[in-house]
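S.K.: Structure in structure tokens, see below.
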Ligand SMILES: *Cc1c(COP(=O)(O)O)cnc(C)c1O
């Protein structure tokens, strides 16, 4: 067995070891077909079976109600920053955004290219350390939608519950926390997520869209960037990213075996609880970045007394087999990304390392 690191990468991120081993077993010849899954037509029965099953698993695990399409797209969540306004932002309406951090800001900047936008609420004045309260959100009457970033991967904040937007469609970027807990899809008009944090490898983006939002965009939109194109063809308009969808299929089967969304949520709570307890119990040696009520169960961000000490932490942890703990270059500090596939034992090992590091340097 290869020597596996304690992988706390932010994305692409850890995959379940069982999934990697299954993919390895099936890599050269897929289920008696005489070839690899990557060597066969996306129009053939074998690939189509994988494709349909992946959609069914997502529907089951996320409890997707009737009236929603599940799409497999390319271009990452970053392409959704454009597709959402291109398809949904009509003249005379405004795209409303909650500015919670780095990813929300990118979504807003992109939307500005396509129409009128407004910041319905923001925590910028608090360095994005918190998620605004529902009461802070000012939604204009002519809002086309309200866009929220469910989990700010870089700052380490997460919505505990989503705002009620009435008849205005709520749109969620769930790239870094999709399937970390049960989801009430019916609260949303559209959710999207790049797969490479919680669902699989990079290369496929999941979009779940309410059918009434699929209609005709107001302006000219390239065929590939219209939701309608992919909704009408079960995401088989052109060649889909077959390998990424196949890997996502294996990850979803694995999630199901863990007890589904509720099962992984229990473990996620335990993992995050261990890390936040280590931070809060360190007498100020470790300082959590996010405000307590806005803390993410997926990305745990923290700082030390000096950048010097943070560098030392990153270096020593790496030497001991931990990977990916350095914070994003835009905010500094340290970050442990503990997506679904990060085992509880690895979090325990990190907590031990943190305690040891604090004793030696406190
Ligand atoms: C990683 C991430 C993105 C960008 O995803 P790409 O697939 O690389 O475009 C967008 N939003 C959030 C919340 C992310 O974590």
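Even glycines carry a Cβ here, placed using N, Cα and C.
Summarising the annotation, TrEMBL assigns L-glutamate binding site to 43. According to TrEMBL, the feature pyridoxal 5'-phosphate binding site maps to 77, 78, 103, 153, 173, 196, 238, 239. Annotation comment: TrEMBL describes 6-350 as domain 'Aminotransferase class V'. According to TrEMBL, the N6-(pyridoxal phosphate)lysine annotation covers 197.
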S.K.: Hey, how far is residue 43 (L-glutamate binding site) from residue 153 (pyridoxal 5'-phosphate binding site), Cα to Cα, in Å?
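M.R.: Answer for this pair: 36 Å between alpha carbons.
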S.K.: Please list, in sequence order, the residues in the chain of the residue listed as 'N6-(pyridoxal phosphate)lysine' that are at least six apart in sequence and whose C-beta is under 8 Å away from its C-beta.
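M.R.: Looking at Cβ-Cβ distances below 8 Å from the residue listed as 'N6-(pyridoxal phosphate)lysine', excluding near sequence neighbours, one finds 10, 11, 12, 13, 153, 175, 176, 177, 178, 298, 337, 339.
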S.K.: Measure from the Cβ of residue 153 (pyridoxal 5'-phosphate binding site) and count the other Cβ atoms within 10 Å, all protein chains considered.
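M.R.: Here the count is 28.
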S.K.: Which binding-site residues out of 43, 77, 173, 238 lie by ligand 1, going by a Cβ under 6 Å?
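M.R.: Near ligand 1, sequence order: 77, 173.
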S.K.: Quick one: among the binding-site residues 103, 238, which has the most Cβ atoms sitting within 10 Å of its own Cβ?
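M.R.: Output for this query is 103.
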S.K.: Just how spread out is the pyridoxal 5'-phosphate site if you go by the largest Cα to Cα distance in Å among 77, 78, 103, 153, 173, 196, 238, 239?
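M.R.: Pairwise Cα check on 77, 78, 103, 153, 173, 196, 238, 239 gives a maximum of 31 Å.
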